[in-house]
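Peer 1: One structure follows; several queries about it will come next.
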Amino acid sequence: TLFAISDGMSYGWTAPVIPYLISEGSHLKTTKFEAEWLESCLMFGSFLGLPFTIYFVDKIGRKKSLLLAAFISLISWIMIATADRMLFIFIARFSFGVTANTSFVAAPIYVAEIADHKIRGFLSSVIYVNMLIGLVIVYTVGPFLPFYVPPLVGIAVLSIELSTFPFMPESPYYLFHQGRVEAAIKSLEYFRPHRDVTVELRNISKAVARQKAEPGRFLDLVLARNSRKAIIIMTVLDVGQHLCALSVILMNLHVILEAAGSIYMNSNVAAILFAVIMLIAACLASLRVDKYGRKALIIISTILTGLCLLSMAVYFHLKLREYDVRAVSWIPIVAVMLYAASFKVGIGIVPIVLTAELFSSNMKAIGMTISDLMYVAGSIVSLQCYQWLSNTYGMHVPFYVFAGSSFCIALFTLLYIPETKGKTLDEIQYLLKGEEYVRTDSRSNLISSKSYSTFVE
């Protein structure tokens, strides 16, 4: 998941670099119009790269997809570092969008399929932690060091991955799915050293055989009960992250603080502190996601996030009504920093864990790619919603909407999402179908369970 550091850097790269590019001292003469398109290139790359994501993850495997994405990103950073025309930077930004799709589908699948179910949540969440490390790096390095330094950091990170990851085996699930039984056995033995893997091999083999027998068509995301429930959950959570104002705050933090009339902190320092708090919260959440479960973290996170957004909405509303809010102008800064912590404790990190757990092996590539599409679409919708509502009615209105969305996601999680903590990938499929997976010493049985409780294991 070292690739995620590079992806976090590319996502946040424009924030500190665009002011330099449009300044008089830039080595590349850039217009404001061109600078705005640097973000759009990333999104277009994400959309147009979706077919390649589906193809590569299933056809060449999770491992090779990750290596291919890392190599293309390495070339993209080299292009940015050495670019003498904006065209090369646009091409690099487009490539980052394509490779981010591949990586954020292939990496969660790979991690979920090699991890022991007791620590699967922690290992999956490392992807988001590394992405936030990349965000902190680019926020810290970008405004203060030369233009070529962030690309050099990205090149170094990807070089480490490309020189070490090729020696890792492919996922045993994927190898079984391809009929390479001996390679699958060696892979699982590598990831389970000094352990008897006979029972796990048998369970994986049965799970893959059963899931291969099931159709893996795009239409099954709607027709198959387990896939339909999985795609509904992931659509709500992926779109919901942005309806909790993630993209709005990340891309408009300086504007929001200036509109609030805050005089307590420089915008560059605020951005670094914001990213650092998110990173710390994500690290803490990754250590607790297998202890407290997925549902509890999402519910707590969305409620706290909603309260932070609600406090900002009330502040902007009072300011619009011309109340004297100078004495409490610290509220937006405190709310934004608390938002960073509460968001990343749950709703900002658990979806990447769930997205690799909920889809069956024959639907993983399609399902996770659609989830990735929903994530990008949610970002665009939230930004458009913010711009239209704030320009038409005032900045308080979109924050009321985002606060309401946060509380709705908490309710949806409580009522609809099953708890997947401590369960094997095969057990989770039975959960989504409304069936209980009962283990015995010698065999596993299926029992219909119309009144199954997600809180009882």
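Every residue, even glycine, has its Cβ placed from backbone N, Cα and C.
Relevant sequence annotations retrieved from TrEMBL are reproduced here:
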| type | residues | note |
| --- | --- | --- |
| DOMAIN | 1-421 | domain 'Major facilitator superfamily (MFS) profile' |
| TRANSMEM | 37-57 | transmembrane segment |
| TRANSMEM | 66-83 | transmembrane segment |
| TRANSMEM | 89-110 | transmembrane segment |
| TRANSMEM | 122-141 | transmembrane segment |
| TRANSMEM | 147-168 | transmembrane segment |
| TRANSMEM | 231-257 | transmembrane segment |
| TRANSMEM | 269-289 | transmembrane segment |
| TRANSMEM | 296-318 | transmembrane segment |
| TRANSMEM | 330-354 | transmembrane segment |
| TRANSMEM | 366-389 | transmembrane segment |
| TRANSMEM | 395-417 | transmembrane segment |
Peer 1: Top stretch among 66-83, 147-168, 231-257, 330-354, 395-417 for CB pairs under 8 A with the transmembrane segment (89-110)?
Peer 2: 66-83
Peer 1: What else in the chain is close to the transmembrane segment (330-354), if you only count residues 6 or more beyond its ends and a Cβ gap under 8 Å?
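Peer 2: Non-local partners: 104, 108, 120-121, 124-125, 127-129, 132, 233-234, 237-238, 240-241, 244-246, 249, 253, 256-257, 260, 262, 264-265, 270, 273-275, 277-282, 284-286, 289, 294, 297-302, 304-305, 308-309, 311-312, 315, 406, 409, 417, 420.
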Peer 1: Grab the same-chain neighbours of the transmembrane segment (395-417) for me: Cβ-Cβ under 8 Å, and only residues 6 or more beyond its ends, written as numbers and ranges.
Peer 2: 232-233, 236-237, 240, 243-245, 248, 256, 259, 294-295, 298-299, 302-303, 305-307, 309-310, 312-317, 320, 347, 354, 382, 385-386, 389, 454
Peer 1: Please identify the stretch among 37-57, 66-83, 122-141, 231-257, 296-318 with the greatest number of Cβ pairs below 8 Å relative to the transmembrane segment (147-168).
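Peer 2: The listed stretch sharing the most Cβ pairs with the transmembrane segment (147-168) is 66-83.
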Peer 1: Do at least three C-beta pairs under 8 angstroms join the transmembrane segment (296-318) to the transmembrane segment (231-257), pairs 6 or more apart in sequence?
Peer 2: yes
